[in-house]
Amino acid sequence: MLEHIELFFKSIFIDNMVFAVFLGMCSYLAVSKKVATAVGLGAAVIFVLAVTVPLNWLLDQYLLRDGALAWLGPEFADYNLSFLSFILFIATIATMVQLVEIVVEKFSPALYNSLGIFLPLIAVNCAILGGSLFMQSREIATLGLAFNYGVSSGIGWFLAILAIAAIREKIRYSNVPPPLRGLGITFIITGLMGIGFQSFGGMLTGGSEEEAPVLEKTAAAKVEEVEVKENKKEIDEKEISYNDAINK
Amino acid sequence: MSNRRLTFKKRLHILKHHFRDKKMAPAFAAFHTFLFTPDETTHSGAHVRGADDLKRTMNMVILALVPVLLFSMFNAGYQHYAAIDVANNVSRELSLWENFLTWDNFWIGIIKVLPLVVVSYGVGLGVEFIFAIIKGHEVEEGYLVTGMLVPLIVPIDTPLWMLAISVIFGVVIGKEVFGGTGMNILNPALTIRAFLFFAYPTWMSGDKVWVYEAVERTGTADAISGETVLGALAQNNLAELNYSVSDMFFGFIPGSVGETSTFLILLGGLFLVFSKIASWRIMLSAVIGSLVMGYIFNVIVDMGIITEYSNFYGLMSFEYWQHLLVGGLAFGIVYMATDPVTGSQTNRGKWIYGFLIGFLSVMIRVFNPAYPEGVFLAILLMNVFAPTIDHYVVKSNIKKRLKRLKNATILPKDSDSKAEELKAETV
């Protein structure tokens with residue numbers, strides 16, 4: 001339970017998709033002129049991330065990672081298909097987006113209309129692929145955590161685009177110098193918002209250290225003990241061989 | 001005397017007309033309005049004469065800051081000599097008249113704090129003047145308060161060139177690119193401090209930067225140091241804390257230049273509330289927010305979830321109301337969070353905004369070992385989200401009013417139909 005809460009908080013605020021790793025910038029910059037559309041896109045991103053990250057987790061777990069094919073039989077245990085992960089992940093994402101679009105169009109035309117072009121656009125949003133790849137590289141342990149990771153990093157992206165859309169609505173009448181109008185000022189705002197989000201940088205690291213020092217100490221102590229023993233053995237052996245040599 | 005002044009004033013008026021349409025006009029006009037009321041009058045339309053224009057508002061805040069500045073100048077010296085006494089194992093009893101309000105202390109304030117103020121104002125106003133002349137608009141008074149806040153929220157040994165660079169960054173990137181005073185999204189003073197913090201972290205935290213000469217004396221025989229209360233707590237150095245609650249309340253502790261005296265900040269805050277410059281909603285809700293978060297942490301410690309060996313123990317077990325007395329929390333709440341430009345602007349939004357500032361400040365203090373002085377980051381973060389809060393508050397208000405309007409328009413119809421019924425009956 002605790003690790004779920006930690007992962008949730010961490011992926012929303014600390015490893016925020018926009019402010020910590022700068023992913024999904026294209027749609028973040030392009031679709032953040034109005035709050036209403038930003039909310040639509042953000043909701044769609046949350047939804048797609050929540051679906052694709054667990055799916056890709058299954059793919060990774062049972063198909064792609066080193067030794068994942070062991071369930072087929074012992075002769076497959078040596079295969080490592082992780083070089084295929086990009087292509088399979090993006091295929092999953094594209095398929096899922098298409099499927100979701102068809103389903104939503106069929107069953108909820110109102111939602112479909114409100115999402116409009118954003119749903120297909122999401123297929124090429126790098127935050128989505130990034131979510132799956134981070135899931136892979138951070139070695140998220142269970143399906144539940146993968147789902148959690150998808151939802152929470154989506155929420156982080158949602159918060160970012162919501163905040164910048166509100167700010168852009170607020171500064172619409174500001175006297176921004178002409179060369180900076182539009183994208184220029186948006187980039188500057190994003191940087192400044194990044195400073196604000198820095199408040200969470202490095203947060204909770206104390207949480208893992210809480211138990212870590214004890215473990216580390218024991219581990220270090222064990223290593224030391226082993227080393228000492230080995231050294232003793234070596235010294236003993238040397239002495240023995242030295243004595244042997246003398247005796248001979 | 002009055003006669004000469006009048007002529008000087010008149011001469012200035014004439015000079016101003018002479019300078020009109022010249023390139024330097026904004027700079028000249030700025031000095032002119034700083035000294036005297038302008039002689040221009042409006043010619044058309046209806047006008048409301050208000051005494052609380054931008055210049056007066058700014059001056060009120062500066063007035064509220066003056067006691068804090070004076071105190072900080074004495075405290076700079078006091079902390080310096082106190083640290084020397086600690087290094088020499090001499091016990092020191094605080095007495096207001098004998099070793100606090102002394103000329104020696106004040107002299108260190110003059111040579112360390114005043115240059116910070118001068119550099120902050122000089123560089124910041126210089127940038128403002130250059131922008132005003134290039135863009136051809138009037139010089140705005142926005143920097144007057146920022147320039148006073150900046151020296152009060154930096155450590156005393158901050159090198160002046162660092163301060164100058166970050167002031168330039170803060171004023172240009174934080175304010176001028178958005179179109180100047182009143183348009184910025186982040187508080188400029190806090191942007192400046194954040195820039196300093198992330199660009200020169202060694203000068204902004206640790207146990208050396210808070211006391212005058214501590215950095216220079218490092219490694220020598222007469223080395224001194226002064227850890228802030230929060231810094232000591234964050235490292236679980238509970239034994240090193242020998243400040244009483246009254247020390248913390250009145251501000252005889254190391255810290256950023258002007259943040260230490262909660263008492264004077266409280267007076268300044270009351271002054272700002274009664275002169276209706278700052279929002280009491282933000283102040284009150286921020287205080288409540290920090291108390292709530294601090295209390296939650298206290299309860300966690302009391303329940304035994306967190307033990308003495310945890311990294312968080314020091315700050316979590318800190319009495320919840322004492323969070324307000326140490327670090328920059330009080331200063332941030334009174335002078336930074338209430339910034340009318342970057343804060344929330346709706347009444348309900350102010351409650352949410354303030355509450356989250358207090359809540360997040362204490363949370364960052366406890367959970368983020370890198371930034372025990374994380375108040376400024378919490379305020380910056382809430383500045384980022386203030387427009388979002390406002391947006392939804394306004395939206396919900398619109399919804400409410402639409403509902404009311406609907407009810408209001410339906411009611412007369414009902415009464416009309418009733419009236420018709422009555423008519424039909426009577427007929």
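Cβ atoms are placed via backbone N, Cα and C, with glycine included.
Listed in TrEMBL for this protein:
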MOD_RES   B:Thr228  FMN phosphoryl threonine
TRANSMEM  B:60-78  transmembrane segment
TRANSMEM  B:113-134  transmembrane segment
TRANSMEM  B:149-173  transmembrane segment
TRANSMEM  B:248-273  transmembrane segment
TRANSMEM  B:280-300  transmembrane segment
TRANSMEM  B:320-338  transmembrane segment
TRANSMEM  B:350-368  transmembrane segment
TRANSMEM  B:374-394  transmembrane segment
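Taking residue pairs at least 6 apart in sequence, the transmembrane segment (B:280-300) and the transmembrane segment (B:350-368) share three or more C-beta contacts under 8 angstroms. In three-state terms derived from DSSP, B:Thr228 (FMN phosphoryl threonine) belongs to neither a helical nor a strand segment and is classed as coil. For the residue listed as 'FMN phosphoryl threonine', the same-chain residues that are 6 or more apart in sequence and have a Cβ closer than 8 Å to its Cβ are B:Asp207, B:Trp210, B:Ile253, B:Pro254, B:Gly255, B:Val326, B:Gly327, B:Pro372, B:Glu373. At the 8 Å Cβ cutoff, the transmembrane segment (B:149-173) and the transmembrane segment (B:60-78) share at least 3 close pairs (sequence separation 6 or more) and count as touching. When Cβ-Cβ distances under 8 Å to the transmembrane segment (B:248-273) are tallied for each of B:60-78, B:280-300, B:320-338, B:374-394, the top count falls to B:60-78.
Same-chain residues lying 6+ beyond the ends of the transmembrane segment (B:60-78) with a Cβ under 8 Å from its Cβ atoms: 99-102, 104-110, 112-114, 117, 144-145, 148-149, 152, 156, 212, 251-252, 257-258, 260-261, 264-265, 267-269, 271-272, 275, 277-278, 331, 335.
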